[in-house]
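These come from TrEMBL:
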REGION    29-49  region 'Disordered'
TRANSMEM  57-80  transmembrane segment
TRANSMEM  92-115  transmembrane segment
TRANSMEM  136-156  transmembrane segment
TRANSMEM  162-183  transmembrane segment
TRANSMEM  190-208  transmembrane segment
TRANSMEM  228-249  transmembrane segment
TRANSMEM  261-282  transmembrane segment
TRANSMEM  302-324  transmembrane segment
TRANSMEM  331-352  transmembrane segment
TRANSMEM  358-376  transmembrane segment
Amino acid sequence: MGDAGEIQLQIAGPFLSVLLRGIRGQEAGGDDHGHRAENGGACRATEAPRPPLSKRLAWWAVVLINIVFILGGQGVATLLGRIYYDQGGNSLWMQTVVQSCGTPLAIPLLLYFRFRTRPSSSVAAAANRPPLVKIAAIYAGLGVLLAGDNLMYSYGLLYLPMSTYSIICASQVSFNAVFAYFLNKEKFRALVLNSVVLLTFSAALIGVNHGSDETGSSIPKGKFPAGFALTVSASALFSLILSLTQLTFDEVLKSDTLRTVLEMQFWSNTAAACVSVAGLFASGEWRTIAGEMEAYKKGEVAYAMTLAWTAVSWQLCTMGLMGLVAAVSSLFTNVISTVGTPLSPVIAVIFLGDRMDGVKLMAMLIGVWGLLSYVYQHYLDDRAKAKKIAEKSDEQHQAAKISAE
């Protein structure tokens, strides 16, 4: 997964406007106009009523909860992952397993939505549902990609200080802009290109200036190039997974309900967990787990709790990612997942003793600049889209009045 930010979040200004692009399904009816006969057959155009306030508030609540899940879950999980290595853990496959083994936590929600669905709705949904073999193949494919992505992130977090790792992970936005252009038909505008260049430059600056990676963490010597390459590759693969997820929602499932989101999250992560467990046994690392637990600096209970809370945090993060992709887009989800870029290095300095020198600070500021360019471009796009809808609505209104006369 990507390196999302921490628990506190304030959403204002452009971010609210960017989120509006996700209201396509929930408020589409509010922009239509219709006709009705009045006073002996005279017709006039009237605006269709907007959805009830409670529905709009419920949608916003879901979006904000998903954002909190992403920022809080991934921030906590990344910190716990680094602590796991620092306290004596060294199983890469165990770190990969905990990134996807929290799927049982979603079972109560799945059961809730299954029993809550009306029989008539279930029949209609089943009729429009793609073949089971096709869905299973998609979930299995996403699961394999997730497992590979998680493994590369595990290597990156082992070989790099958390502050360096966090800044490099911000490059996933630039990768996602490219994938979204080809797979999701997103436009590639000037400010998005500017964002891609800045985020790439930020990651490159870290890559060529790594002599300052002094940290209180246990980092293997001579592994920076491998850690850098694997983290960049993981960021690219993560961006591809998000774009493929959005493509699946839009073109295959043709649904973005909470139940559909949970099912995709559950089955794709279950497949990833199976692949990861297979890797744990195939690599032989499972034989070292008992000794690793006994040698853990904080004790066996702390070892178990670290892994358990890491799994819970990743599960919450994954649920937030899937939910936000369905409600808004993979592009915006990636933006949210990198909002914490300025905070992660600071937390690493405070809790892990990482050194924040001028090069890292400059790379972080360049990354933030690129991120803001990305957000502002989508803010402009949303304003233009809203203006176009308003103009079209006015034209329809005028045409209806002329025909009524």
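Cβ coordinates are placed from backbone N, Cα and C, and glycine is handled just like the others.
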Output the single range from 92-115, 162-183, 228-249, 261-282, 358-376 maximising the number of Cβ pairs under 8 Å to the transmembrane segment (302-324).
92-115
Would you confirm whether the transmembrane segment (92-115) and the transmembrane segment (261-282) meet the contact rule of 3 or more C-beta pairs below 8 angstroms, pairs 6 or more apart in sequence?
yes
The transmembrane segment (358-376) touching the transmembrane segment (228-249) per 3+ Cβ pairs under 8 Å rule:
no
Ranking 136-156, 162-183, 358-376 by Cβ pairs under 8 Å to the transmembrane segment (261-282), which is first?
136-156
Which bits of the chain, at least 6 residues beyond where the transmembrane segment (136-156) starts or stops, bring a Cβ under 8 A of a Cβ in it?
1, 81, 92-93, 95-96, 99-100, 165, 168, 226-228, 230-231, 233-234, 237-238, 240-241, 244-245, 248, 252, 264, 267-276, 279
